[in-house]
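Input: a single structure, listed below in structure tokens.
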Amino acid sequence: MDPSELTEPQAMVELERLAQQIRALDRAYYEDDAPTVTDAEYDALRQRNLAIEARFPDLRRADSPSLHVSGAPSAAFGRHRHLVPMLSLDNVFGREDFESFVTRAARFLGLNDDQARALRFVAEPKIDGLSISLTYEHGRFVRGTTRGDGTEGEDVTANLRTLRDVPLRLKGPAPALIEIRGEVFLSKPAFLSINAAQAEAGQKPFANPRNAAAGSLRQLDPNITARRPLSLFAYAQGFSSDRVADTHWDYLERLRQWGFTVNPLSCVVESAEAAEAFMDRIARERSGLEYDIDGVVYKVDDLALQDRLGFVGRAPRWAIAWKFPAEQAITRLTRIDIQVGRTGALTPVAILEPVNVGGVIVTRATLHNEDEIARKDVRVGDLVQIQRAGDVIPQILGVVPPGADAPPRGEAFIFPHTCPICGARAERPPGEVVWRCTGGLTCPAQVVERLIHFVSRDAFDIDGLGERTITEFHADGLLKTPADIFRLPDHEADIATREGWGTVSARNLTASVRARQTIPLARFIYALGIRRIGTSNARLLARHYGSYTHWREQMLRATTIGSDERLALGSITGIGGAIADELAAFFMEAHNLETLDDLTAMLTAIEDEDLPAQGHLSGKTVVFTGTLTTMTRPEAKAIAERLGARVTDSVSKKTDLVVLGADAGSKARKAAELGIDTLDEEGWRELAGIGPVGP
């Protein structure tokens with residue numbers, strides 16, 4: 001369903017689905033080097049998420065994909081924290097989208113039309129490889145890391161030292177400390193050579209050059225990496241102890257002087273027309289390039305403006321990726337299956353005759369929900385047009401009209417009103433698009449999915465308890481509730497005798513389980529699988545309530561509509577009324593309270609959540625009022641949030657600081673009445689570490 005057609009309840013459900021699917025795709029791409037979709041699919045999924053959030057801004061989730069970069073560092077390598085985060089880029093798919101990006105940047109900076117038209121951008125082909133960060137101290141290469149989750153990545157220094165495109169010493173003067181960002185990739189000829197060697201050795205070939213590059217760089221043996229002809233294009237800086245250029249274009253020239261390879265196709269563009277012309281040129285030349293690209297990156301050239309624009313969520317405001325369109329194909333729909341998720345959602349999945357789409361064999365596609373099937377009038381036996389454009393499995397765009405001599409179409413699909421797994425009644429609440437099984441924890445599918453979620457990477461993260469093991473243990477009666485996981489050590493001897501197990505593997509499982517009997521509160525909350533509670537929401541709750549005991553006490557009181565605790569819960573930034581309702585509903589169910597009691601009896605500690613401060617304004621509530629003259633209101637808000645503050649629009653007893661611009665008005669008077677600290681704009685700049693404006 002098009003975002004413009006969604007009701008608010010439908011949008012809420014869709015945003016939850018999108019957050020889960022994008023998180024799964026991110027793990028496959030960043031952590032496993034095994035993407036399950038093309039970049040076009042992934043981009044379309046993110047674009048759908050952004051479109052819904054734009055229409056319903058109050059529904060944006062704290063764990064929204066628009067706010068985060070996913071992909072945790074692998075335990076196989078050491079971890080290292082980036083001095084400046086390595087975030088992702090937002091995407092556009094046409095000139096109109098690009099012009100909107102320019103308009104947003106200009107508005108944020110407070111530029112007039114003439115100034116906006118004067119903005120220069122550097123255009124660089126977007127290499128489809130693995131992003132890395134190279135750290136140099138006094139010109140000497142000391143560390144190389146992958147992007148990871150954007151905050152910390154895998155230390156692959158030894159492997160990067162084998163690349164000829166990575167200077168071990170920078171040529172000429174350089175800052176005492178600098179991070180240089182680049183993209184590691186395999187040329188098409190190198191990819192073919194590696195796959196030929198893989199086939200000759202009887203090993204599985206890589207699916208594409210990006211997978212091969214990532215797999216080559218993440219070898220535990222640097223000698224293997226050295227035998228792979230990896231290349232690198234340098235394209236940006238992270239942290240730098242000294243400014244080495246005033247524009248991004250000049251910085252690229254400095255990279256060349258230091259000994260890096262910079263993409264020779266990069267250029268400066270000075271208008272949307274020029275940006276579109278460069279995009280068209282690259283699209284024409286794409287097939288003849290020796291490396292894979294999936295679009296063009298455009299960056300504001302002025303580095304001072306980049307600093308002012310900063311970041312929003314997971315992406316910089318000063319750069320955008322203009323992506324190539326998605327790929328499509330036609331195949332036949334053979335049947336429609338219904339899958340049951342951990343919250344009981346019944347999701348229809350189209351089973352297709354295998355078809356090649358962009359080099360990937362597709363056999364399944366999402367149908368989303370009952371309304372989507374009816375809107376597209378999709379029936380078994382139809383020829384359908386599919387697109388790999390954003391879901392864990394591709395989506396069906398529509399039915400190919402049958403020819404005059406085609407046989408009659410099949411019957412219209414009737415969505416089941418009972419669960420296909422447990423037979424319980426399914427219901428679809430008014431205003432929602434999803435049918436849900438009412439079987440709850442009596443439904444085997446929901447139980448298994450909840451157990452899988454409970455031990456997932458962002459929850460208890462228990463090694464040795466994968467999807468297959470949980471399914472088998474549940475079928476044999478070993479696992480029925482989350483607390484049963486912590487009783488598994490009592491069955492170690494029996495587990496050791498199971499097929500595929502042994503004494504060592506059973507002992508390792510016991511050790512993994514016992515190691516997780518102390519768990520941070522945020523992980524514990526996320527593991528419970530409460531609807532609409534993602535990792536970020538869980539961290540917000542953990543930070544706000546501090547301990548499990550306090551959180552549970554407040555949630556029980558919040559079950560009363562209109563109570564102070566319910567209102568306080570809904571007022572937490574990033575939570576809101578809808579999520580507060582889900583939390584209250586969870587704590588109103590007796591079996592959920594029994595589960596909590598069972599778990600807390602098994603766990604030794606789930607308190608003392610250690611959540612580090614973000615800056616010297618961390619935990620403070622700030623209000624801006626009046627007209628600011630040296631920066632726009634969005635810019636001031638972004639600076640405050642980067643320093644850890646919460647920015648609100650109203651003054652209350654909980655406000656810590658009010659920044660007064662010109663014509664401050666009633667908020668200034670209220671701050672004075674409440675005895676709240678105030679600062680003028682100059683004082684704010686000093687507090688924020690920005691310094692005075694000009695001479």
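Note: Cβ is positioned from N, Cα and C throughout, glycine not excepted.
As annotated by Swiss-Prot, NAD(+) binding site applies to Asp39, Ala40, Glu41, Tyr42, Asp43, Ser88, Leu89, Glu124, Arg147, Glu183, Lys299, Lys323. Annotation comment: Swiss-Prot describes Lys126 as active site, N6-AMP-lysine intermediate, evidence class sequence analysis. Annotation source Swiss-Prot lists Zn(2+) binding site at Cys419, Cys422, Cys437, Cys443, citing sequence analysis. Residues or ranges marked as domain 'BRCT' by Swiss-Prot on the basis of sequence analysis: 612-695.
Feature annotations (Swiss-Prot) mapped to structure.
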residue : record                                  : CB count, 10 Å
Glu41   : NAD(+) binding site                     : 25
Asp43   : NAD(+) binding site                     : 24
Leu89   : NAD(+) binding site                     : 18
Lys126  : active site, N6-AMP-lysine intermediate : 24
Arg147  : NAD(+) binding site                     : 23
Lys299  : NAD(+) binding site                     : 23
Cys419  : Zn(2+) binding site                     : 24
Cys422  : Zn(2+) binding site                     : 18
Cys437  : Zn(2+) binding site                     : 27
Cys443  : Zn(2+) binding site                     : 21
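Glu41 (NAD(+) binding site) sits 16 Å from the residue listed as 'active site, N6-AMP-lysine intermediate', taking the Cα positions as reference. Here the CA atom of Cys437 (Zn(2+) binding site) lies 44 Å from the CA atom of Lys126 (active site, N6-AMP-lysine intermediate). DSSP gives Asp43 (NAD(+) binding site) a helix state.
Cα separation, Cys437 (Zn(2+) binding site) to Asp43 (NAD(+) binding site), rounded: 31 Å.
Same-chain residues that are not part of Cys419, Cys422, Cys437, Cys443 yet have a Cβ within 8 Å of the Cβ center of the Zn(2+) site turn out to be Val340, Gly344, Thr418, Pro420, Ile421, Gly423, Ala424, Ala426, Thr438, Gly439, Thr442, Pro444, Ala445, Gln446. You'll find the Cα of Cys443 (Zn(2+) binding site) roughly 35 Å from the Cα of Asp43 (NAD(+) binding site). Along the domain 'BRCT' (612-695), the predicted structure has mean pLDDT 82. Distances between the Cα of Cys422 (Zn(2+) binding site) and those of the binding-site residues Asp43, Leu89, Arg147, Lys299 are shortest for Asp43. Under the three-state DSSP scheme, Cys419 (Zn(2+) binding site) falls in the coil class.
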